[in-house]
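Right, one structure below, let's go through it.
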2 protein chains.
Amino acid sequence: MQFELTREYIDDLRELIDQKNENEAKAMIEDLHAADIADILDELNTEEAVYIFLLLDGDTGADVLAEIEEDDRRRFIKVLPIEVIAKKFIDHMDSDDAADLIGGLSDEKQEEILSHIDDIETAGDIVDLLHYAEDTAGGLMGKELVIVNENWTVLTCLRELSRQAEDIDEIYYVYVVDDDNKLIGTLSLKKMILSPTSAKIINIYEPDVMSVHTDASDEEVSLIMEKYDLVALPVVDSIGRLMGRITIDDVVDVIRDEAEKDYQMASGISEDIEANDSIWLQTRARLPWLLIGLAGGILSAMVISTHESGLIATPAMAFFIPLITAMGGNVGVQSSAIIVQGLASNSLGFESTFSRLLRELGGACVNGITCSSLLFTYNYFFSDSYALTISVSAALLSVIIFASATGTLIPLMLNKIKIDPALATGPFITTLNDIIGLLIYLSIGAYFYGVF
Amino acid sequence: MQFELTREYIDDLRELIDQKNENEAKAMIEDLHAADIADILDELNTEEAVYIFLLLDGDTGADVLAEIEEDDRRRFIKVLPIEVIAKKFIDHMDSDDAADLIGGLSDEKQEEILSHIDDIETAGDIVDLLHYAEDTAGGLMGKELVIVNENWTVLTCLRELSRQAEDIDEIYYVYVVDDDNKLIGTLSLKKMILSPTSAKIINIYEPDVMSVHTDASDEEVSLIMEKYDLVALPVVDSIGRLMGRITIDDVVDVIRDEAEKDYQMASGISEDIEANDSIWLQTRARLPWLLIGLAGGILSAMVISTHESGLIATPAMAFFIPLITAMGGNVGVQSSAIIVQGLASNSLGFESTFSRLLRELGGACVNGITCSSLLFTYNYFFSDSYALTISVSAALLSVIIFASATGTLIPLMLNKIKIDPALATGPFITTLNDIIGLLIYLSIGAYFYGVF
């Protein structure tokens, strides 16, 4: 059942496009899932992709438009006539996907597209959704939901269902509201099927319903849906009226994006980029962190230069500079990654910062003593300077302990003052630990040598 | 509707447990969601947690047991009588959760628990599931599904549904099979509700159904469910017979775990650990990478020591060692993170390794020239050695380009020989780039100074 995209497939399709062989090209993509077609368009150039895109029927086209990468979407919208976008595709999209799509355009383009949509209700839903910020529950939600009144019977519900469900792909829950449209519970399809048709909703609905406010953040939404294993989550306004619903497929994207973002930050990448993005985007996302690293390197050079005379006297001290900075960096990144992940998945619990730090330092002592003993043994046999052997090992132990403390404390502190703690990981913490590690190393060296 | 766990709440609950005040303790937890109760147990010690656990009814207890962290689960199973676990909890669990739980125990314990389960069908399902490896589709799937035969009518289906659905929390799809139990399609509840009761399934079912083989990997399953926005995915054996279904909530965990694992690897953490794990676990997960870093540091020391005489002549060369190693490390991590993420989300497409490398090198040139020009300017004004100014900047440019090449190629190569490319990120690539960076730096320095 599953389609596997191959290079041959793309080459064949390209040839058909070249020949303007509409029928065979159509036959090649006809039975594919929208997500697969989106992958195919991703491999074609704009002209070819638009050609294929215009072969799709409205429903498939709308699904594809919702699935493709944002960059691809932008290049499509640019070349397609506004009326085609509106009539052929937006009209067939779920309201949340349509709002996402339109939200990225200029105000004039938005108005133009909306003016071409025939169904006033659809246009109204999209306009409503455009008010919400993209990364809030309001921005994630769609307007497609099945709503029943608490005073109806199962029979009325079934009738309403056939009416309301026409435009909805899949129904997971039926939401129950009171006369003021306030959300009071859910009704599972299973329950509805298994109850007599004369039963009143008020007697069979499930009053325990999890919901979020329209301005809840997308992270909050994903944590709730993940924790409570929800497939759909209703969104309410400040007085509890049902405004829309968020489905799990949109949240899966948020979860992956969040996890990827933290990883990218830790790797010194400041924007959400992908392997296939342009050189320009890739450079822009990476350069800021490299400049921090550069500044850190220059500071390190200044720190070392203050010990120039010592270095001339005992050049062997320079040999272990990379070891000290690398170990400080590694330990700092390890400690901060654990904290950042714990904060992201909300699993840190109630342990106080102090006891967490103590535990972290305990671990650092174990690792630090292991590593510096090994280094001591190495230098004992292979170095002829006793002072060097002691200073390098003592410095390594101190640097490991210090780096694990900063790695733990800095993300916790940033989180407290509402700055994304992931900022602390990667180049930032590595650079800081480099400089402090050098200070520690050179000071200890100076003490033991008496020359630095 | 949402419960927020506070320290006060835990303190209050603890007091009630101390007083053995069963009724009030029960009242405090009664209306909570299983996921919230699991969070509460996580904050209590084993004795307290077991006390609360035994207050729960079977259904809630089973849900809580499925939700709690694996460590917590293990300490529970250790202290609770086997019969209580079997009769009170396992009997109420979904088959996949039960199999996960039992799978972690010794063979004798498994048999003992299974012998206490009254429902032979449930026990049989669990035994079936125990055959599959945990990280395959078979290991993820549950046996709870609603199956209808293609030759039935909607009326028969509805009747069967009430019988089969008794033990199933939520029905997302009804699966349609032929007389050999081979999966041939799905039927949505919506369709069933909206069709006349006399309609034959064969005329209304949806034949396009995505499925996976029992031994598909969990990563494959998550990529399919994510890509096609599925809430449930049926699992079939090698001749296409329907064996079970995987639900999205289990896959959300896989997605988060995968993303976290890559991030942890990049941060030099080799096992899946959390902030609250013991010092011992934390140390064990981190030490291997630190030892790699240590070995790399010693190698770096050897590299530098071969240039000892040069360092004595021009100690300023030592000042920029941390800058060179740090920049090489940062660039390598940036490049490899992009590739590792692209491989994980299967979004690399068909670009050849060569053209990918070319693009990466293009970006590296832009960043490298920017950084080395800045460094050149700095040294031009603040250093008195022309040779130093040139060698440091030239070395920086080479190191950035070299590091971006290794960062791109190594994960791609590892992936080709079926080793997890995430291994290449973090300490491994940083260490490699440190050593090569130093070699480049010192050689360039030696050339320009004529003394090294």
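Placement of Cβ uses the backbone N, Cα and C atoms for every residue, glycine included.
Curation does not apply to TrEMBL; its annotations are automatic.
Residue counts of the domain 'CBS' (A:141-202) by helix, strand and coil are 22 helix, 17 strand, 23 coil (DSSP-based). TrEMBL lists A:141-202 (among others) with the feature domain 'CBS'.
Positions annotated as domain 'CBS' by TrEMBL: A:205-261 (among others). In the domain 'CBS' (A:205-261), the DSSP tally of helix, strand and coil residues is 24 helix, 16 strand, 17 coil.
Sequence annotations record features per position, and here TrEMBL assigns transmembrane segment to A:287-304 (among others).
Summarising the annotation, TrEMBL assigns transmembrane segment to A:316-340 (among others). Tertiary proximity for the transmembrane segment (A:316-340) is limited to same-chain residues at least six positions away from its ends with a CB under 8 Å from its CB atoms, namely 262, 266, 300, 304, 307, 310, 348, 360, 364, 367, 371, 375, 383, 385, 388, 391-392, 395-396, 399-400, 402-404, 406-408, 410-412, 421-422, 424-426, 429-430, 432-434, 436-438, 440-442, 445, 449, 452.
Per TrEMBL, transmembrane segment is recorded for A:361-381 (among others).
Here TrEMBL flags A:387-414 (among others) as transmembrane segment.
Positions annotated as transmembrane segment by TrEMBL: A:426-449 (among others).
Cβ atoms under 8 Å from those of the transmembrane segment (A:426-449) belong to residues 265-268, 289-290, 292-293, 295-297, 299-300, 303-304, 306-307, 310, 313-314, 317, 320-321, 324-325, 327-329, 331-333, 336, 387-388, 390-392, 394-395, 398-399, 402-403, 406-407, 410 of the same chain, restricted to positions at least 6 beyond its ends.
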